[in-house]
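To keep things clear, I will list the structure first and then write my remarks on it.
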Amino acid sequence: MEKKGKKKVLKDKADAVNDDDDLCWWFVHKGIESSFLCIAVFGLLVRATVSLHPYSGAGNPPKFGDYEAQRHWMEITLNLPVKEWYHNSTNNDLSYWGLDYPPLTAYQSYVHGIFLRYFEPASVSLFNSRGYESYLGKQLMRWTVLSSDALIFFPAVLYFLFVYYGNHSSGRKSDVAWHIAMILINPCLILIDHGHFQYNCISLGLTIGAIAAVLAHKDLVASVLFCLSLNHKQMSAYFAPAFFSHLLGNCLKRKNPVLEVSKLGLVVLGTFTIIWWPYLHSRDTVLEVLFRLAPFERGIYEDYVANFWCTTSILIKWKRLFATQSLKFLSLVATVLTCLPSMVQQILAPSRKGFLYGLLNSSFSFYLFSFQVHEKSILLPLLPASLLATELRGPFKLLMHYALFSMFPLLWRDKLIIPYVALYALFFLLYFTPSRRREAKIHHSTTLTGLSILLTFLYLCSLLLHIIYLTIHPPKKYPFLFEAMIMLLCFSHFVLFVFYTNARQWMLSGQYTSKVKEKKLN
């Protein structure tokens, strides 16, 4: 009787597991929209909660911060003719948060300005609205970011998911909901857009749309979307080498490469022409806008960003030893050289997965070596890393940890420590879902003890640095000592991560060669 009872219990458990598997299969295959909708609503609530906290430059005259910059651009675009938006004049003092992003950002500011003017005209009144911080004005500004997320970033992610998981061979289907959470509940993006205050969700959303279009073999649509992203924020150029090399590699594999490249070129030229049309009436006007987009006078880096130039400046004083022109050349050469391996791989062996790795490696090359990099620029490599989260499970977790940590001093200045800690905890709770905890245990048992000890030690170091930064004053002789330590720790991890992902990308070339041989044999 006891044996029969045990068998019955085991059978019931097996049936329950099978039922769970069937339910999971149905939920993933039949309900991507449902799981996305649930996580998206939760993501919007998280964003709305973060927006209740302070923003960059809150109550800090005379120039305030990024919030005031965005509001001021709405003020300028609403009250001045389009040809004067980038022109220094008595009505548009460029030294006070002058527009320094491409025309699509200006058009976006104009649209959002109309929204603000309808409900709170004083918030965008020319001259009189500087430093305007009424309760309603702040809520309206926050809603413009939230609506941008809901209308651009979220739909682009859904499009990507449909394309990425449309092929049944693309990854494990049980990972879809987890993958959605990793993309939508990105603590760095939420803290910068809805805390600090920016509109990165627009340019990154357009980039995700372009990526999805490439994966769906809609190269012309991808070209339009990426051009829109590039014309919203010039930092989208971080992804340009990956788009260029992958699309070129695809064209070279087709029957008429010249025609394919020509079509892409015409689409790019046409998109740029439409966006830049108000400024194409004279060469001087175009140069005026371009000058605003490339503020080389600010120097090769600002604050303490975890890239090559800032980290090595502890030993080599780049700004003192080299003129700006020389630094521009050095950063260009370093960026191109570090992008080349990834680009060559995609030209020779273009693939879906290789393209995503190319985006990651290209954007990290720019982050580490290009001119004028900000702490917030880590959002760009984080985007393709989140799209590859199911491929880079452990490394992605580490990258998110150090990406968040690299922005800690900036967020501390913005008084965003509470949402910083809350979002950090939320991300890792989502990362270690029940199924992930089981995988982590299996992975941990097969991981080298030395590596586990090293990673634990580095985690403890970062935790200790958090506490030191918040509780101890640095020596007067070295006022930025703690920032330098944070920067050094994060930079070290970023470099190791880039070596790893470049190696992973090149390993795909062997798979590509095997597939080509199989096709020839068939």
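Heads up, residue numbers simply count up from 1 along the chain you see.
Even glycines carry a Cβ here, placed using N, Cα and C.
Sequence annotations record features per position, and here TrEMBL assigns transmembrane segment to 140-164, 176-192, 199-216, 264-280, 330-348, 416-434, 446-472, 478-500.
Among the listed stretches 176-192, 199-216, 330-348, 416-434, the one sharing the most Cβ pairs under 8 Å with the transmembrane segment (140-164) is 199-216. Outside the transmembrane segment (176-192) by six or more residues, the chain places 27-28, 32, 35-36, 39-40, 42-43, 46-47, 50, 154, 157, 160-161, 165, 198, 200-201, 204, 376, 378-379, 382, 386-387, 389-390, 396, 400, 403-404, 407, 411, 416, 419-420, 423-424, 426-427, 430-431, 433, 435-436 with a CB less than 8 A from a CB of the stretch. Within the chain carrying the transmembrane segment (199-216), a Cβ under 8 angstroms from the stretch's Cβ atoms is held by residues 70, 105, 108, 144-145, 148-149, 152-157, 159-160, 162-164, 189, 192-193, 222-223, 225-226, 228-229, 232-233, 235-236, 239, 243, 246-247, 352, 355-356, 359, 376, 379-380, 383-384, 387, all 6 or more beyond its ends.
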